[in-house]
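Taken straight from TrEMBL:
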BINDING   118, 144, 174, 175  S-adenosyl-L-methionine binding site
């Protein structure tokens, strides 16, 4: 499977991954191929009950309803970055780099990075401010609900010059209730590959609107729906049949990566999510999102005006 991402000539200055090309040999003993393909391509509205239509206290573990999914990220925290590189062939780093370029933060920007995990977005934010603006006054709060993911982020920053400054702060918190964060206090709110794991997305969006300053920007990088039927078929077969196997081989956890691909299927389409952002009070420009790699991922954006 080939992913295509168009980059600018100096596009590697913010993320410099040392990605080894791995040759993964997977024996395509795809169980019940025909029924799998049929299941994946039926109308989403008939295929799954949308988890965002219910106010039940449980969340979802992929297609299953469970009390919480925190254990998923505790299980994979130490291998999270490695698995992202392997699963996407490193493409996720270019998506995140483009995300930072689209953000284009100015000097002194104050960022809240929710579900910040291992710190890719916050790190890219600081690198951009430093290399484009020669700025060291930008500040970021990296917030995550999972303490193990947050510890990985802290360790990563401790090995950089940013870890020795007051530019970065870490906070354990819930995106649905940012009670420790005052209203109108941040310039930019980001959440990358995290919002689909939240039980009540509407609460997350309203909290994002509350903590942003007037004129502030909400930005979300998340998986989307692929419209091209051929690419969609290939992508879904890769996701459901190969990614969980990779999870078992690399992280010894097939269930967490089965959840990953199932949660992507349950997440709203780009147009539906854009409408949710608008309903939270944000002003969107044009259609409100930009597709990446055929819509495998998308950047959503809204302004508090």
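One-based numbering along the chain as shown.
Each Cβ is built from the backbone N, Cα and C atoms, and glycine gets one as well.
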Worksheet entry | Sparsest Cβ surroundings (other CB atoms within 10 Å) among the binding-site residues 118, 174 | 174
Worksheet entry | Residues that sit under 8 angstroms from residue 144 (S-adenosyl-L-methionine binding site) by C-beta distance, when 6+ apart in the chain | 114, 115, 116, 117, 150, 153, 172, 173
Practice prompt. Quick one: give me the count of other CB atoms within 10 A of the CB of residue 175 (S-adenosyl-L-methionine binding site).
Written response: 24
